[in-house]
Structures are given as C-alpha cells and as structure tokens.
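Okay, so here's the structure we're looking at.
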Amino acid sequence: MKIAVIGTGYVGLVTGTCLAETGNIVTCVDINKQKVQMMQQGQLPIYEPGIETLFHRNIIEERLFFTANLAGAIADATIIFLALPTPPGADGDADLSYVLGASKDIALLISSYKVIITKSTVPVGTADKVKAIFRQNTDVAVAVVSNPEFLREGVAVEDFMKPDRIVIGTQDERAKEILTELYAPYVRQGNPIIFMDERSAELTKYAANSFLATKISFMNEIANLCEKLGADVDMVRLGVGADERIGKRFLFPGIGYGGSCFPKDVQALAKSAETNDYDFKILHSVIQVNSLQKNVLINKLNAFFNNDLKGKTFALWGLSFKPETDDIREAPSLTVIGHLLKAGAKVVAYDPEAMNNVKALIGEKIKYADDQYDALIGADALLILTEWSVFRTPDFNRIKKLLAGPVIFDGRNLYSPHKMAGFGFYYNSIGRMAAGPKYAAVAPL
Ligand SMILES: NC(=O)c1ccc[n+]([C@@H]2O[C@H](COP(=O)([O-])OP(=O)(O)OC[C@H]3O[C@@H](n4cnc5c(N)ncnc54)[C@H](O)[C@@H]3O)[C@@H](O)[C@H]2O)c1
Ligand SMILES: O=c1ccn([C@@H]2O[C@H](COP(=O)(O)OP(=O)(O)O[C@H]3O[C@H](CO)[C@@H](O)[C@H](O)[C@H]3O)[C@@H](O)[C@H]2O)c(=O)[nH]1
C-alpha cells in the first residue's frame with residue numbers, strides 16, 4: 001500500500017519505518033527541513049533502539065522516503081497518518097492546532113479517496129472536528145479514523161511490530177477493510193484489532209495512559225509510606241504484583257513519571273472531564289502526587305546535608321526521562337537540576353544519550369561528564385535519576401574512590417541497601433530504609 005506519514009517524531013518515524021518493513025511504500029513528511037535533510041542522508045534524528053537497521057534497510061530497498069513536500073507525499077497515498085504533536089495548551093487541554101492545521105492543508109490538496117488516520121493522542125471529539133474540516137474544504141470522499149498509538153519510547157519498534165492491541169475507531173467499512181489488511185502482519189500472534197467508534201478510541205488512549213500513571217503514583221505513595229513504617233517497597237511490589245488482577249508491571253516506585261505523554265495526557269483528561277462538568281478526582285491526586293514525588297530526592301538530600309546544599313557538588317547519573325531514549329521532555333532530572341542550582345549547588349551529569357538535548361535546553365549551567373565515572377570526581381554525593389543498564393553493576397570501589405564522600409541517593413532502587421552498607425556507602429533509595437553510615441542521623445524520613 002502507499003502511505004504518507006505526516007510528522008516524523010518518535011511516533012511518526014517508528015510508524016513509517018515499521019510500515020515500510022512489511023512491504024508498504026511510505027513517504028514521511030516533516031515541516032522541519034533540517035530534520036528531513038538528515039533523514040534523506042540516512043541519519044536518524046532520534047535515539048531509539050532497534051530502529052536503525054530497519055531505517056537503513058527500507059531506505060536502501062526504496063520503500064521509505066522523506067520529504068518536506070506535503071502535496072507530493074500525499075498525491076499517490078491512499079492512507080495518510082497524522083503523527084503530529086498535541087502539546088498541552090495554556091489551560092492544560094491538548095493543543096490541536098498541528099492536527100487541525102495539517103488536516104486543512106491535506107483537504108485542500110487531495111483529489112482522490114483517502115483514509116485519514118489520527119495516530120496523535122487527541123481529545124474526544126477531535127475526529128468530528130477533522131471530519132468537519134474535510135467537509136468544509138473538499139468534495140473528495142475521505143474516511144477519518146482514530147487509531148491511537150500505544151508504543152513506548154525505548155521499545156517503540158517492538159511495541160509497533162507486536163502491539164498488545166490495535167485500537168481503530170471508525171464507522172467506515174472501506175477504511176475498516178483497508179486497515180485490517182494493513183495491520184494483518186502485526187497481529188499474527190492473535191493480538192487483537194479492536195474496532196470501535198471514534199470517540200471511544202480517542203478516550204481509550206487517555207484512559208490507558210491515565211490508568212498507568214495512576215498505578216505509578218499509587219506505588220510512589222506506598223513507597224513513601226514504606227519509609228515511614230520501616231517496610232521495603234520492593235518486597236511489597238513483588239507481593240502485590242503476584243496477584244494477576246494487579247499485575248507485575250508499572251509498579252516500580254521512583255522519582256515521578258515523566259516523558260512527553262503521561263504528564264500531558266493525565267492533565268488533558270482531567271481538563272476534558274472538567275470541561276464536561278465532571279470532576280475526575282483521582283486524576284487530580286495522581287498529578288499532585290507526581291509533582292511531589294519529583295522532589296523526593298531533594299528532600300532526602302536536604303535532610304542529609306542539613307538544608308545546606310550551597311557550594312556542594314552533585315554527580316547525576318541519568319538525564320533522560322527513562323532509559324533507552326534521548327528524550328528529556330518532562331524528565332524528573334530537570335526538576336532535580338532546577339532545585340540543586342537554586343540551592344547554589346554544582347551539578348556534573350552523565351547520560352549515555354540525552355546530554356545533547358539537556359545542553360540544548362539549559363546550556364552550560366551544569367557540567368557534562370565524558371563517562372559515568374568522570375562525573376563522580378570530587379562530588380559530595382551521587383544521585384541516580386535514570387535506570388540505564390550501564391548503571392546497574394558499576395565498579396563500587398571506583399565510585400567510592402572518586403566521590404568526596406561515599407554517599408548515594410538512588411531514585412531508581414538499582415542496588416541492595418544491605419550490599420551498599422557493606423561497601424561502606426551511605427545509601428538512600430525510594431521506599432526502603434536508608435543504609436550505611438549516617439543512617440541514624442536521617443532515618444526514619
Ligand atoms: N512519543 C511517544 O512515545 C508517543 C507514543 C504514543 C503517542 N504519542 C502521541 O503522538 C503524537 C506525536 O508525538 P511525538 O512524540 O512523535 O512528537 P514529536 O514532537 O517527537 O514529533 C512531531 C513531529 O511533527 C513535526 N511537525 C509539526 N508540524 C508539522 C506539520 N504541519 N507537518 C509535518 N510535520 C510537522 C515536527 O517537526 C516533529 O518532527 C502526540 O500526540 C503524542 O501524544 C506519542
Ligand atoms: O513502573 C513504572 C513504570 C514507568 N515509570 C515512569 O513512567 C514514565 C513513562 O514510562 P513509559 O510508559 O515506559 O514510557 P513512555 O514512552 O512515556 O510510554 C507511555 O506513554 C506513551 C505515549 O502516550 C504510550 O504510548 C505508552 O503506552 C505509555 O507507556 C517514565 O518516566 C518512567 O520512569 C515509573 O516510574 N514506574
């Protein structure tokens with residue numbers, strides 16, 4: 001099939017590449033000409049594991065193309081995916097200007113039947129708005145479909161190739177047939193394509209993200225309570241997660257959820273409820289808990305250093321909002337850095353992939369280390385903010401030698417407190433009792 005994908009960010013690029021991989025001819029369009037040029041030259045604008053091989057193969061085998069020319073890209077395509085940003089607007093609602101603007105551009109250009117598919121996360125009622133734009137701007141028949149994307153950054157290719165489910169919101173029988181054929185290679189293991197109306201599809205996406213965010217905020221509160229009660233959240237997590245009704249996944253406590261999706265989508269669902277005279281109480285708590293959780297490490301640091309962080313140096317391991325991505329949107333690391341700088345502390349950071357993005361955002365306000373050990377030299381404490389694999393089994397003796405004091409604050413529970421105390425570290429993590437020297441000075445928190 002001939003396909004155009006509008007927007008080549010984390011979703012558009014993965015969608016385009018994975019659709020080309022199953023034999024479709026895909027043209028990806030982006031408004032950012034520099035990005036398009038990069039991709040035309042075979043360079044990837046993002047770090048996403050597993051995409052590189054597919055990207056190069058499909059370019060070489062002439063199934064995957066990049067352009068800034070919308071008209072050229074959609075002329076032959078029957079299927080047009082919208083993978084455009086829907087950032088938070090001023091009032092917390094999703095900003096639909098990219099999606100609606102591109103819809104109008106497309107409507108003014110088409111001369112044959114198209115299936116217009118919204119992959120972006122959009123509030124309920126967006127499909128109706130897109131349909132109205134096509135009605136107002138063209139006589140050509142189109143099917144407008146809501147097909148929310150559930151991929152996770154870091155495992156996006158795997159998620160796209162083998163999704164848990166594909167949700168398709170449409171009443172259009174021809175579009176249903178086309179999409180059933182398009183997605184057949186991705187549901188061979190019996191994972192379902194679930195057809196529904198557009199509104200339900202749009203809400204499914206927000207409900208899924210908000211439920212997952214609720215799970216995380218709930219566990220973060222359990223973790224905070226564990227510290228007060230002398231329990232170990234990792235044990236509680238295992239005990240709770242063994243119940244199949246609850247499930248093992250998305251129960252990891254930490255320093256708050258980040259990324260380009262959960263924060264904006266939970267906010268947008270709460271706003272959408274409010275607009276429709278419904279007070280979605282749980283979501284307000286989820287948001288509030290998450291915002292407090294982003295301060296948890298700073299509170300622990302203040303307790304340890306008697307509220308005097310001025311002039312101290314902190315080594316940070318991890319800047320991206322989660323491992324295996326270079327994405328720093330809403331990353332808890334940015335909140336931590338903001339607090340440290342405000343308190344007059346110095347920051348030296350290391351991240352395997354995200355340092356360039358942080359540099360582009362805040363420049364030289366912090367130092368960037370060449371490797372994870374360089375970041376530690378003379379630092380008063382190590383703070384672990386992202387659970388990159390490379391941080392999981394480091395050389396603890398080397399860490400101890402390089403730090404000014406053997407102090408670790410771990411926002412991702414990477415190590416055993418008992419083992420760290422054995423190494424002579426003061427070790428403070430999330431939802432577990434602090435261990436090692438100085439324990440008595442700060443516990444219980
Ligand atoms: N990032 C994720 O993991 C993820 C997963 C599922 C769903 N989503 C949703 O998918 C949508 C896209 O997210 P993303 O993270 O890929 O965004 P992104 O910001 O990474 O990429 C968006 C791209 O669209 C381009 N663009 C903007 N206006 C354009 C236009 N008029 N024509 C062509 N290109 C244009 C931008 O230059 C950019 O490259 C959002 O609604 C998001 O909520 C994201
Ligand atoms: O047990 C957990 C799991 C995740 N997180 C945090 O939650 C955030 C989001 O993680 P994850 O969901 O893995 O990454 P995203 O790429 O943001 O993916 C989410 O957002 C996407 C965009 O809407 C959806 O498509 C995905 O299904 C949904 O998982 C990150 O900050 C994680 O550190 C935790 O704190 N504890």
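We number each residue from 1, going along the chain as drawn.
Every residue gets a Cβ built from N, Cα and C, even glycine.
Quantities reported herein were computed from a predicted structural model and do not represent experimental measurements.
As recorded in TrEMBL:
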type: ACT_SITE; residues: Cys261; note: active site, nucleophile
type: BINDING; residues: Asp30, Lys35, Thr86, Thr121, Glu153, Lys264, Arg329; note: NAD(+) binding site
type: BINDING; residues: Phe150, Leu151, Arg152, Glu153, Lys205, Phe250, Leu251, Phe252, Pro253, Gly254, Gly258, Lys322; note: substrate binding site
type: DOMAIN; residues: 315-417; note: domain 'UDP-glucose/GDP-mannose dehydrogenase C-terminal'
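Here the features listed in TrEMBL are painted onto the structure.
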| residue | record | Cβ within 10 Å |
| --- | --- | --- |
| Asp30 | NAD(+) binding site | 25 |
| Lys35 | NAD(+) binding site | 19 |
| Thr121 | NAD(+) binding site | 24 |
| Phe150 | substrate binding site | 17 |
| Glu153 | NAD(+) binding site | 25 |
| Lys205 | substrate binding site | 25 |
| Leu251 | substrate binding site | 19 |
| Pro253 | substrate binding site | 28 |
| Gly258 | substrate binding site | 25 |
| Arg329 | NAD(+) binding site | 19 |
Gly258 (substrate binding site) and Lys264 (NAD(+) binding site), Cα-Cα, nearest whole angstrom
9
Using C-alpha atoms, which one of the binding-site residues Asp30, Lys35, Thr121, Glu153 comes nearest to Lys205 (substrate binding site)?
Thr121
Of all C-alpha pairs drawn from the NAD(+)-binding set Asp30, Lys35, Thr86, Thr121, Glu153, Lys264, Arg329, the farthest apart lie at a distance in Å of 25
Can you list which of the binding-site residues Lys35, Thr86, Lys264 have their Cβ under 6 Å from some atom of ligand 2?
none
Ligand 1 is in the model; which of the binding-site residues Asp30, Thr121, Glu153, Gly258, Arg329 have a C-beta less than 6 angstroms from one of its atoms?
Asp30, Thr121, Glu153
Taking the Cβ of Thr86 (NAD(+) binding site) as reference, which residues of that chain separated by at least 6 in sequence fall under 8 Å from it?
Ala94, Asp95, Leu96, Tyr98, Val99, Ser120, Thr121, Val122, Lys264, Ala268
Rounded Cα separation (Å) that holds between Arg152 (substrate binding site) and Lys35 (NAD(+) binding site)
22
Per the record, substrate is bound by Phe150, Leu151, Arg152, Glu153, Lys205, Phe250, Leu251, Phe252, Pro253, Gly254, Gly258, Lys322: how many Å separate the farthest pair of Cα atoms?
24
If you measure between the CA atoms of Cys261 (active site, nucleophile) and Lys35 (NAD(+) binding site) and round to the nearest Å, you get 22
Averaged over the domain 'UDP-glucose/GDP-mannose dehydrogenase C-terminal' (315-417), what pLDDT does the predicted model reach?
98
Give the residue from the binding-site residues Arg152, Lys264 that has the most other Cβ atoms within 10 Å of its Cβ, counting over every protein chain displayed.
Lys264
What are the DSSP helix, strand and coil residue counts for the domain 'UDP-glucose/GDP-mannose dehydrogenase C-terminal' (315-417)?
36 helix, 18 strand, 49 coil
